[in-house]
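Novice: Let me begin by handing over the structure; questions about it come next.
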Amino acid sequence: MATVGPYGEAEKNEPARPLALPSPSVHPAANDDEEAARAAAAAAGDTAANKRPRSPQYLRRRRCVIWCGGCCVTSAVVVGIVILVLALTVFKVKDPELTMNRVTLEGLDGDLGTSRHPVSVNATLNADVSLRNPNVASFRFDRSETDFYYAGETVGVAYAPEGEVGADSTVRMNVTLDVLADRISPNVNATDLIFGQDYNLTSYTEISGRVNVLGIYKRNLDIKMNCSITLEVSALSTVQSKSTNCVASVS
């Protein structure tokens, strides 16, 4: 007969089971604190290592590197300032100066002409021109041309060969041309040739050239000059310019 337990259920013969042991407590916060402590200890060790005194050789090398770097920077600044000052003063390309010094008539010869032009005048005009170069480098110029006008008519054209003006130097050029007699004769009479008469000429000169300073600063220049010349013409005296007024421009 089966035994009925107090709850009305049949008791069964079952094997005994061991009691479960409690699991060990887990403390993650404690582990984090340990890792932080180890990291702090390592950092403190590195700081202590960094605070160790440097060797004399290391300090000397460091001072040498700093000194050399400072010298290089200072030298670069000084060189830059010197180049800037030279570029704005000494090496600055200045405008050449073109001057008409005087104009003379040579070989003046007056003859009897035709009924339309009673007097025929032949002469050679000589112009003394100077070109000054104020730059520290030479000025090379091309072939130049000078035109002379009287009463609105061209009475002569003169050419000067190409050349060179040295640094801070001046060259003088003599421009010679034959006056076109048929252009000036209608305005001349015998009385003017004997007693003298003033004649107003104008001239136009153009010179093109270039200045090259050390191959760095280069500039092409065009010099233009207009002159008003008064000649006192007389068969009894030497014919020279009485006055000369010139205006020059450089571009």
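From the backbone N, Cα and C atoms, a Cβ is placed for every residue, glycine too.
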Novice: Have a look at 1-54, 109-162 and point to the one annotated region 'Disordered' in TrEMBL.
Specialist: 1-54
Novice: For the domain 'Late embryogenesis abundant protein LEA-2 subgroup' (129-228), how many residues does DSSP put in helix, in strand and in coil?
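Specialist: Split into helix, strand and coil, the domain 'Late embryogenesis abundant protein LEA-2 subgroup' (129-228) gives 13 helix, 65 strand, 22 coil.
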